[in-house]
Amino acid sequence: ADRHKSRWIAVPQRRVRSARRAAASAAEASYASRDAEAAEAKAKAAEEIAKQALAHAEKLERATLASDAEDAEKETLAERCGALEEDLAEARRLVAEAERRAAEDAAKLVSLEEETTRRAASSLPPGKPASPRPPPRDVPPRRRGASPPPGPPRARRSVRPESPSRRLRRRTRASPSRASPRAPAPAWRSPPRLSPWPPPPRRRATRMKPPPPRRRRGAPSARAAAAPRSTATCGGP
C-alpha cells in the first residue's frame, strides 16, 4: 500500500517538474528572442553609423579633391601670371628699344639734313646764299566741291576736244550701276545700252481669255453645231 501510495504521489511531482522545465525553456526562449532583438537593433545602429561614416568619408574625399583642384588652379594661375609678367617685361623692353632706335633715326635724319644743307651751301657760287626750305603748310585735305586752297592758282591744263571713244567710256563709267552712293542716278533714267542693235519690240499686254469648254465624248463640236443643217435628202426630189 505504501508502494502504491508513493506511486500516486510521484505523478504530480513529475508533472510539476515537467511544468518547471517547460517554464524554464520558455523563459530561455523569451530571453533568447529578447537578446536576438537587442542584437538586431545593435546591428541596425551599427549599420546606420557605418553609413554615416561612409558619407562623411565621401564628403571629406570630395573636399580634399576640391582643395587639390583649387591648389592646382592657383598654381596654374600663378604660372600664367608669371608668364604674362615676363611677356610684359619683354614688350616693355621692345618698346624701349624701338623708341631708342626712333630717336637715333631722327638724330641721323637731322644730321643728314644738316650735312645736305652744308654741302649745298658749299657747292653754290660765292656771294649767293642758299635758299632755306619753306616750312610745310598745315593745310587740311581738300574735299570735293570745297574752295581752292590759299595761294596762287595752279596753271590749267590745255583742254583737248573729247573723242567719241572717250565720251562713250565716260558715259559707260558714269552708269548708275557704277555711280557713287553720294549721287545716285534718277529712277527715270535707264542705264546706257551697250549693244548696237535696237531693243526688241515690247509685247502688248493682253487680257487672258478663258479656256474653251471641254467637249463631252460623242457630242458635236462647236463648229459643227454652228454650221447650218441642210434639209435636203439624198436622191430626193
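From the backbone N, Cα and C atoms, a Cβ is placed for every residue, glycine too.
Here TrEMBL flags 98-107 as compositional bias 'Basic and acidic residues'.
According to TrEMBL, the region 'Disordered' annotation covers 98-237.
If you look up TrEMBL, you'll see 174-192 (among others) marked as compositional bias 'Low complexity'.
Per TrEMBL, compositional bias 'Basic residues' is recorded for 201-218. The list of residues near the compositional bias 'Basic residues' (201-218) in space but at least 6 beyond its ends in sequence, with Cβ under 8 angstroms from a Cβ of it, is empty.
Sequence-distant contacts of the compositional bias 'Low complexity' (219-230), counting only residues of its own chain at least 6 positions beyond either end whose CB sits under 8 Å from a CB of the stretch, comprise 212. Annotated compositional bias 'Low complexity' per TrEMBL: 219-230 (among others), in sequence order.
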